[in-house]
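The structure appears below as structure tokens.
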Amino acid sequence: MTSTTTAPVSTHGGTDLAAKVPAITVLFWVIKTLTTGMGEALSDFLANTNLVAAIAVGVLGLAAALWLQLRTRRYTAPVYWLAVAMVAVFGTMAADGVHLVGLPYAVTTVFYLVVVGVLFFCWHRSEGTLSIHSITTRRRELFYWATVLASFALGTAAGDFTADQLRLGYLPSVAIFAVAIAVPAVGWRFFRLNPVVAFWVAYVLTRPLGASIADWLGKPAAHGGGLGLGDGPVAGVAAVIIALLVGYLAVRRTDVQTPTARHPA
């Protein structure tokens with residue numbers, strides 16, 4: 001699932017753009033997992049501090065970040081990862097909001113799983129591929145971000161389901177999702193699992209993994225066996241690490257794809 005393969009120029013879905021997503025490297029997975037944890041911790045911190053501010057940051061922050069991302073014509077690390085970070089915050093709020101109306105985590109997990117499945121079906125039916133190497137048109141980019149948003153909500157619900165409803169606690173949940181995320185990696189590396197399938201399975205699983213780590217660090221021992229460091233400090237430290245790593249990518253540009261080859265669907 002780690003690749004620096006170049007991206008194709010597609011002829012579907014409108015005017016071709018330069019690749020709008022990064023190459024899939026080890027650093028991609030590190031930052032992605034960090035954003036999930038940061039989003040979980042920041043969302044919980046804001047919700048417990050000021051619910052109105054939390055909603056404003058989640059909704060307006062997501063809208064502004066996606067607006068910036070959609071306006072760019074090629075991948076730019078700070079803009080892309082800002083959008084991912086805001087999706088992480090909003091995705092947490094979306095999953096928690098559905099649960100607050102009375103739906104159990106098992107139901108919300110299945111609900112968001114269906115949403116992700118429908119998005120994949122519509123995306124593949126429209127474009128003939130789910131490969132992120134093909135995100136070179138506006139329509140594919142919209143499918144991509146809709147799927148990313150739904151996958152964050154799915155991952156949040158799944159993480160809460162294992163930690164809270166199954167009463168496994170945060171650290172056991174970390175172990176479960178760490179093992180689970182290794183399955184598509186091993187399947188891709190050693191058993192020729194389709195790389196597109198491996199990528200999206202791992203992508204969804206980074207959410208409950210990162211969120212479980214953040215909850216384990218931030219929540220008190222009485223709530224799932226956390227370390228009690230606090231949601232605010234956990235979110236702040238994660239944000240600083242993300243900023244440093246994204247700054248490195250912005251300078252080195254080692255994750256920028258170039259449209260020189262076409263990939264199979």
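Cβ coordinates are placed from backbone N, Cα and C, and glycine is handled just like the others.
Residues annotated as transmembrane segment in TrEMBL: 51-70 (among others). Remote same-chain partners of the transmembrane segment (51-70), defined as residues 6 or more beyond its termini with a Cβ less than 8 Å from a stretch Cβ, comprise 20, 42-43, 79-80, 82-83, 85-87, 89-90, 93, 138, 141, 145.
The transmembrane segment annotation in TrEMBL covers 77-95 (among others).
Cβ atoms under 8 Å from those of the transmembrane segment (101-122) belong to residues 95, 130, 143, 146-147, 150-151, 153-154, 157-158, 160-161, 164-165, 200, 204 of the same chain, restricted to positions at least 6 beyond its ends. Annotation comment: TrEMBL describes 101-122 (among others) as transmembrane segment.
Counting only same-chain residues 6+ beyond the ends of the transmembrane segment (142-163), those with a CB under 8 A from a CB of the stretch are 20-21, 36, 39-40, 66, 69, 83-84, 87-88, 90-92, 94-96, 98-99, 105-106, 108-109, 111-113, 115-116, 119-120, 122-123, 126-127, 132, 135, 169-170, 172-173, 176-177, 200, 203-209, 211-212, 215, 224. Look at TrEMBL and you will find 142-163 (among others) tagged as transmembrane segment.
Note on the transmembrane segment (169-190): residues 1, 159, 162-163, 197-199, 201-202, 205-206, 208-209, 212-213, 215-216, 219, 224-226 of its chain, located 6 or more positions outside it, place their CB under 8 angstroms from a CB of the stretch. Annotated transmembrane segment per TrEMBL: 169-190 (among others), in sequence order.
Marked as transmembrane segment by TrEMBL: 197-214 (among others).
As annotated by TrEMBL, transmembrane segment applies to 234-251 (among others).
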